[in-house]
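Trainee: Before we start, here is the structure in question, set down as structure tokens.
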Number of protein chains: 2
Amino acid sequence: MLYIIGLGLGDEKDITLKGLEAIKRCTKVYMEAYTSLLSFGLSSNGLSTLEELYGKPIIVSDREMVEEKADDMLLQAQSADVAFLVVGDPFGATTHTDLVVRAKKLGVDVKVVHNASVMNAIGVCGLQLYRYGETVSLPFFTDTWRPDSFYEKIKRNRTLGLHTLCLLDIRVKEPTLESLCRGKKVYEPPRFMTIKTAIEQLLEVEQNHGEAVYNEDTSCVGLARVGCEDQLIVAGPMKQLLTVDFGPPLHCLVIVGNTHPLEEEMLEFYAIAKGSAQA
Amino acid sequence: MLYIIGLGLGDEKDITLKGLEAIKRCTKVYMEAYTSLLSFGLSSNGLSTLEELYGKPIIVSDREMVEEKADDMLLQAQSADVAFLVVGDPFGATTHTDLVVRAKKLGVDVKVVHNASVMNAIGVCGLQLYRYGETVSLPFFTDTWRPDSFYEKIKRNRTLGLHTLCLLDIRVKEPTLESLCRGKKVYEPPRFMTIKTAIEQLLEVEQNHGEAVYNEDTSCVGLARVGCEDQLIVAGPMKQLLTVDFGPPLHCLVIVGNTHPLEEEMLEFYAIAKGSAQA
């Protein structure tokens with residue numbers, strides 16, 4: 001049996017009782033590392049907090065391992081209980097559908113333990129979840145690669161008056177271009193897109209396209225560390241959010257569509273005029 | 001402090017460690033009842049399972065209490081730690097934004113403990129969460145009330161190739177019309193829309209509008225009891241899903257938009273031709 005277990009968004013205590021019980025049953029525990037470095041303290045304390053809670057060692061699986069070596073894990077799961085831990089929900093922003101498909105093809109039973117992900121926890125800002133359109137991902141621009149297909153999607157959402165959740169790029173364990181050329185991988189330091197960078201890129205793309213989809217006065221909500229003890233939520237026009245220091249990652253951004261009065265009341269609590277607010 | 005704590009989707013063990021610790025700190029524990037009768041066994045065993053786990057009594061709050069008498073709960077939360085338990089995530093399909101707004105106005109600190117909701121757990125069917133458009137709610141039709149504003153929304157989603165999550169009506173503690181006339185409330189038995197009823201209503205509305213937004217051959221996924229031990233997921237055209245007995249509530253339905261190959265692979269696992277599948 002392969003258990004794919006969501007850890008939630010905040011810290012080690014966001015696991016469910018069901019998830020914890022499953023881990024305790026498993027002979028091997030893998031954890032995907034590439035979005036989980038921060039909240040779960042993997043960079044500083046190693047895995048100690050989690051391993052202490054679970055009472056067993058964790059094998060940290062980076063992106064390469066998950067994508068290339070998953071078959072080893074799946075083979076183990078054919079004859080034993082194996083846990084694969086995922087930050088957020090197993091089918092949240094980072095999907096693990098591919099792993100499930102591979103497991104099913106190998107005849108491995110899969111059990112999913114759900115948890116919160118940014119896709120539903122974003123509701124904390126007060127904008128109703130059913131009033132969101134398609135979610136977009138904003139990738140880091142480079143000198144030569146400035147993809148902007150999100151612009152068309154945001155345009156469609158705004159035409160319909162819907163909110164847009166923008167997921168911001170995460171770059172963990174990216175090999176340097178130089179190291180790839182040399183054939184021995186050396187990794188870039190991790191990078192997490194800030195709300196400031198996201199807005200700058202959004203405004204650049206608006207300037208290039210010029211279709212007046214949004215501008216620096218467009219109402220947005222910036223959210224940092226959703227679900228964590230020190231989460232920060234600030235609502236305001238893009239140009240104001242550019243001036244806010246949202247602190248450590250992860251950040252995400254909502255471009256506000258048409259609002260109901262109740263949604264407006266909630267946004268007022270998070271407005272810059274009143275100072276930044278936590279909830 | 002008011003803790004608004006998500007219980008997740010399945011059973012009492014879907015609470016997070018953080019949520020459970022918060023409950024143990026609280027002097028009063030309220031629980032919203034109107035979507036939670038089933039999975040958590042409230043109808044049969046009373047509250048015993050939950051109260052045993054929490055080590056304290058639970059005050060079950062029906063919709064009237066939450067909407068009309070929330071101020072009592074909030075006043076208590078001004079001077080003590082009070083928990084309000086919610087099935088799913090506090091800001092999932094049923095939102096509690098209004099409660100947060102009222103708390104903030106009274107100066108009551110609010111802490112949210114997130115959990116899975118159908119809005120992210122729906123990812124289990126293999127359709128990518130960021131490829132969903134606006135979520136729609138399908139209300140029970142009556143002889144005189146057959147609202148169909150969802151049709152326009154589904155049309156927009158399908159035009160864009162997006163998936164549509166249809167949340168199906170829940171009627172719990174609805175006063176009978178007769179009792180309202182007499183001035184003393186008597187309640188209807190609870191009703192939960194099935195996937196079959198949902199599809200019948202969808203096809204009726206299509207027939208009335210005739211805009212070819214979908215038809216009985218449109219690919220859908222029916223999901224019953226998402227996140228529970230006995231969840232059932234079946235993919236197929238509407239006309240096939242009409243013939244499936246999905247069992248007890250809660251049900252929901254996804255109208256499939258354009259699919260990627262990986263999404264198609266997952267849907268095949270759940271296809272009727274192969275027999276109904278669980279995950």
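Glycine residues also receive a Cβ, built from the backbone N, Cα and C atoms like all the rest.
Annotations for this protein, taken from TrEMBL, read as follows:
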- A:LEU9, A:ASP89, A:GLY92, A:SER117, A:VAL118, A:LEU168, A:VAL226, A:HIS251: S-adenosyl-L-methionine binding site (BINDING)
- A:1-241: domain 'Tetrapyrrole methylase' (DOMAIN)
Trainee: Suppose you look only at the domain 'Tetrapyrrole methylase' (A:1-241); what would the mean pLDDT be?
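Mentor: PLDDT averaged over the stretch: 89.
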Trainee: Under DSSP, is A:VAL118 (S-adenosyl-L-methionine binding site) part of a helix or a strand, or is it coil?
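Mentor: DSSP assigns A:VAL118 (S-adenosyl-L-methionine binding site) to helix.
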Trainee: Identify, in sequence order, the binding-site residues in A:ASP89, A:SER117, A:HIS251 that approach chain B with a C-beta to C-beta distance under 8 Å; the answer is 'none' if none do.
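Mentor: In terms of proximity to chain B, the binding-site residues that count are A:ASP89, A:SER117, given in sequence order.
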Trainee: So if I draw a 10 Å sphere around the Cβ of A:VAL226 (S-adenosyl-L-methionine binding site), how many other Cβ atoms end up inside it?
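Mentor: For A:VAL226 (S-adenosyl-L-methionine binding site), the count of other Cβ atoms within 10 Å is 24.
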Trainee: Going along the chain, which residues six or more apart from A:LEU168 (S-adenosyl-L-methionine binding site) have their CB under 8 A from its CB?
Mentor: A:SER137, A:LEU138, A:PHE192, A:MET193, A:THR194, A:ILE195, A:THR197, A:ALA198, A:LEU250, A:HIS251, A:CYS252, A:LEU253
Trainee: According to DSSP, which kind of secondary structure is A:LEU168 (S-adenosyl-L-methionine binding site) found in, if we only use helix, strand and coil?
Mentor: strand
